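Among the features that Swiss-Prot reports, NADPH binding site is placed at Ser15, Tyr16, His36, Lys110, Ala143, Arg259, Val283, Glu285, with the record citing sequence analysis. The annotation sn-glycerol 3-phosphate binding site is assigned in Swiss-Prot to Lys110, Gly139, Thr141, Lys195, Asp248, Ser258, Arg259, Asn260. According to Swiss-Prot, the feature active site, proton acceptor maps to Lys195.
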Amino acid sequence: MITSQTPITVLGAGSYGTALAITFSRNGSPTHLWGHNPVHIAQMQTERQNYRFLPDVIFPEDLHLESNLAQAMEYSQDILIVVPSHAFGEILIKIKPHLKAHHRLIWATKGLERNTGRLLQTVVEEQLGTQYPLAVLSGPTFAKELAQGLPSAITLAANNEQFAREFQSRIHCSKGFRVYINSDMTGVQLGGAIKNVIAIGAGISDGMGFGANARTALITRGIAEITRLGISLGANTNTFMGMSGLGDLVLTCTDNQSRNRRFGLMLGKGLDAQMAMENIGQVVEGFYNTKEAYLLAQRQGVEMPITEQIYQMLFCGKNAQDVAISLLGRACKGE
């Protein structure tokens, strides 16, 4: 029987992976946090904090640091992957030789596969097979607030109901971290990926000084785009009204803790994409997801005008003013 005291291994020592590891550890699970950089892991072990990505949050005593992947995976049945989407396929290749029949895989990576636009579940099943219980963790949770223990809520979608309920019980905390179960893995994955694209648009709008009305319109029409794409792929429309859909979208579009929103703000103020990303200094998932989301929408025959215009700006040289003109000048239509 899996309990909150059962060990878990988190793969990925960035800000979000560290925050989740802290959350598990505080909730009673012996937690092993793996990172690919031995120097970084050694530094965290000494300082008992992730000074590089999540400074001033001290690790719980039962949070263990590990730079050896094989050893990290030996400790636990449940393996939680928290790496950028562009590194997701690579980490699957690395863990494959160390997987055992009892392992269960969860990921909190938000994005689509680079160059294909495929859902990460598809990538997992292609590379590792379909024999493992799978789950995705997604929702409106900034790493810093999560690590500080501030109230948060998130969605857990799994391909096995028993797995979902067991995993929910080990992370759900009555003191302020709520976990909602959902069986719609497609919808939960899409919500987490495409919201980053819309957040860039909201940032661009605010950077250009368009105000709260325009931002709210982008959020509202953005959830409509995400829902249309989700329906075309068999997702449940209700998913997009939940934590991993509207919840994550609103958070990412309205708070400057969001890298994607800050990236958009800089674009709206006239910086180019390369300079904006350098200023942020961490991965901007929405930059890469924009291209994949646009190409996925084209393949599915789904109209996604906000996504299309952001794609035109990031990859085809269109400027912010012309993007705004294109969106505002669209033909009248029903809601």
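Backbone N, Cα and C atoms are what each Cβ position is placed from, and that goes for glycine too.
Note that the coordinates shown come from a computational prediction; the quantities given were computed from them, not determined experimentally.
Distribution of Swiss-Prot features across the structure.
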residue	record	DSSP (3 states)
Ser15	NADPH binding site	helix
Lys110	NADPH binding site	coil
Gly139	sn-glycerol 3-phosphate binding site	coil
Asp248	sn-glycerol 3-phosphate binding site	helix
Ser258	sn-glycerol 3-phosphate binding site	coil
Glu285	NADPH binding site	helix
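In this view, Lys110 (NADPH binding site) is surrounded by 29 other Cβ atoms within 10 Å of its Cβ, with every protein chain counted. On a Cα basis, Asn260 (sn-glycerol 3-phosphate binding site) lies 7 Å away from Glu285 (NADPH binding site). Local packing around the binding-site residues His36, Lys195, Arg259 was summarised as the count of other Cβ atoms within 10 Å of each Cβ; on this measure the leading residue is Lys195. The subset of binding-site residues (Tyr16, His36, Lys110, Arg259, Val283) lying with their Cα within 10 Å of the Cα of Thr141 (sn-glycerol 3-phosphate binding site) consists of Tyr16, given in sequence order. Counting Cβ atoms from all protein chains shown, Asp248 (sn-glycerol 3-phosphate binding site) has 26 others lying within 10 Å of its own Cβ.
Neighbour counts of Cβ atoms within 10 Å were taken for the binding-site residues Ala143, Val283; the minimum is at Val283.
In the structure shown, the C-beta of Asn260 has more C-beta neighbours within 10 angstroms than that of any other entry among the binding-site residues Ser15, Thr141, Asn260.
For the pair Ala143 (NADPH binding site) and Asp248 (sn-glycerol 3-phosphate binding site), the Cα-Cα distance reads 13 Å.
Under DSSP, Lys195 (sn-glycerol 3-phosphate binding site) is assigned to a helix (H, G or I) in the three-state scheme. Taking Cβ-Cβ distances under 8 Å and a sequence gap of 6 or more within the same chain, the neighbours of Ser258 (sn-glycerol 3-phosphate binding site) are Phe142, Ala199, Gly203, Leu251, Thr252. Of all residue pairs in the sn-glycerol 3-phosphate-binding list (Lys110, Gly139, Thr141, Lys195, Asp248, Ser258, Arg259, Asn260), the one with the greatest Cα separation is 15 Å apart.
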